Amino acid sequence: MTIALTGGGTGGHLAIVRCLLESAIKKNIECVYIGSQNGQDKAWFENEARFKEKFFLSSKGVVNQNKFGKISSLLHTLKLSKDCREIFKKYHIQAVFSVGGYSAAPASFAALFSHLPLFIHEQNSKSGSLNMLLKPFATKFFSAFEKEFSPYPVANKFFDNARIRKELKNIIFLGGSQGAQFINELALNLAPKLQEQNIKIIHQCGKNDFEKCKKHYQSLNIQADVFDFSSNLGEKMKNADLAISRAGASTLFELCANTLPAIFIPYPYATKNHQYFNAKFLQDQALCQIFTQDSINLDDFFKAMLKLNLEDISTRLQNIAQKNGGDILLEKALSNNLAFIR
């Protein structure tokens, strides 16, 4: 059996694709990847040999364009969807699994035009424009935030390194692989207070601020674990007792899998303010704290960190993320829809 995996643009989307690929391989399902020349798709998968084939199309987004730009992008997407139908025929694709993002549009529309089963995974609490449009036509729509709960695919390494936290000895600041300037500045401003409490610092600061952050810690004589990017983030999280982080869905569920308590500072310019609502999913269960970027007072923030009941939160986080989520999604998608797949 061969399926197409499509979507991407951001690391969060692409991490789900990778989980689904690994799950498909375990089930002896071959995968063709259809992404975009833009975004991070090529950087992630251009050299991924486990795909049967990879296609990086000239797809582009429709959001934030003027009227004529939207029309032009839609026409271009329809043209690319025709190319995807040829890919489906050539590789005998039997189903399409989309993780969203504009790079998923051509293959998703092609699935509908070709009468192939279309499965969609929405990663955020607020659906993206493409997923909202296609949801009524999808064979199955998966979301970890909806009442009909579906697991969020997270790499097993985050589960394998999980532990119950009891005391704040180490803190990790997660600005993402691209860095988050606000979180970087917050970490540097908190550093003297953390040193006074003998709390060790782990700091993912991104490439742009790496030298600046490293020099700042050195000037304070603080032995911080500063890095721009790590392929072994699960191990870094394992060493931490609390995370200060943005609230992208992948990061949020990786923290849950690792049972690592967090204070979230949602990116204020995220589409539909989805990072805030991602974090609110946990806050409503008393499993995190949220500070908006424009309301942070350094002293209040530091006090909130020290007051968290880490053991209680860490213990209850075990019930949020589900191991082998990719396996479960594929099982739900394919086993219940065999009538569609010939």
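Each residue, glycine too, has its Cβ placed from N, Cα and C.
According to Swiss-Prot, the features are:
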BINDING   Thr10, Gly11, Gly12, Asn124, Ser177, Gln275  UDP-N-acetyl-alpha-D-glucosamine binding site
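The least crowded of the binding-site residues Gly11, Gly12, judged by other CB atoms within 10 A of its own CB, is Gly11. The binding-site residues in question are Thr10, Asn124, Gln275, and the one with the fewest Cβ neighbours inside 10 Å is Thr10.
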